[in-house]
Amino acid sequence: MWNEESSLLQGSAAHTNDPRALLLWRLPLTLFIPRLTHTQNMKSRAVTKQIHRRLQNIFLELSGQKLVNDCTEVSKTECQSCGKGEFLSTWNREKYCHEHRYCNPNLGLRIQSEGTLNTDTTCVCVEGQHCTSHTCESCTPHSLCLPGFGVKQIATGLLDTVCEPCPLGFFSNVSSAFEKCHRWTSCERKGLVEQHVGTNKTDVVCGFQSRMRTLVVIPVTMGVLFAVLLVSACISESPGGEALHPTAERQDPVETIDPEDFPGPHPPPPVQETLCWCQPVAQEDGKESRISVQERE
């Protein structure tokens, strides 16, 4: 109808050469036609959304069912729900349902969520194991960090353990999938002394300062000093030590006379006094002495 009216206006405007008339009949068209087009687009979009929602509801209703017979001119499509342990997650034309996944415990798998008519069973690894692939068909135990290494990242059901070597000042003395490197013990904070240095596998060994060592060292040291002093004193008084002093005047050998050679009473022979180490001393006054033969002559 609108097309017929526009054609009539165009025909009437064609019979006149007045440009103002042409402008008058074209102006309403330019103002009305865009509004009409926008209204039609809005209505078509609303209808499209409604159809899409209805199709979604139909697909959701048909999920979990398999096709038995296709529709014909006289009959509708015939569907049947999946049986126990089967599922179909989307609307389809398949005649067979899919079996639920089996979580094999021998492969380290366990059930995370049971399957339904619309969803499959979800499997995950048991505690202490992780998937060997992105499909998680099987699992393997977590790796252990050996002594000297600590856990940087704890393993999950999908990723293995990440280990790192213990830096200086830290140690790890166990094989574990959870233990991190531990800091060396501070002996000073405990008021102790360090007896053994730590490594990346062992901790520092602390202990009390030994008093027995002091009690043993002091007597031994005193004994050594006493022995040195005693030996020095003996060396200084030994005969060999005379070489360190001026030698005495050399004395001629003394000839002794037998008392029997002279008549008359004989006084007792004088006794020569000596000091330590058999050194002669000067004769005291008033004591008799033997005169050598040379002196008599």
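Glycine is no exception: its Cβ is also placed from the backbone N, Cα and C atoms.
Feature annotation from TrEMBL assigns domain 'TNFR-Cys' to 81-123. Per TrEMBL, repeat 'TNFR-Cys' is recorded for 81-123. If you look up TrEMBL, you'll see CYS82-CYS97 marked as disulfide bond. What TrEMBL lists as region 'Disordered' is 240-269.
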- Starting from the Cβ of CYS97 (disulfide bond), draw a 10 Å sphere and report how many other Cβ atoms land inside it. 19
- Query: Sequence gap of 6 or more, C-beta under 8 Å: which same-chain residues meet both conditions with respect to CYS82 (disulfide bond)?
  - Reply: GLY64, GLN65, LYS66, LEU88, CYS97, LEU117
- Query: Quick one: mean pLDDT on the repeat 'TNFR-Cys' (81-123)?
  - Reply: 90
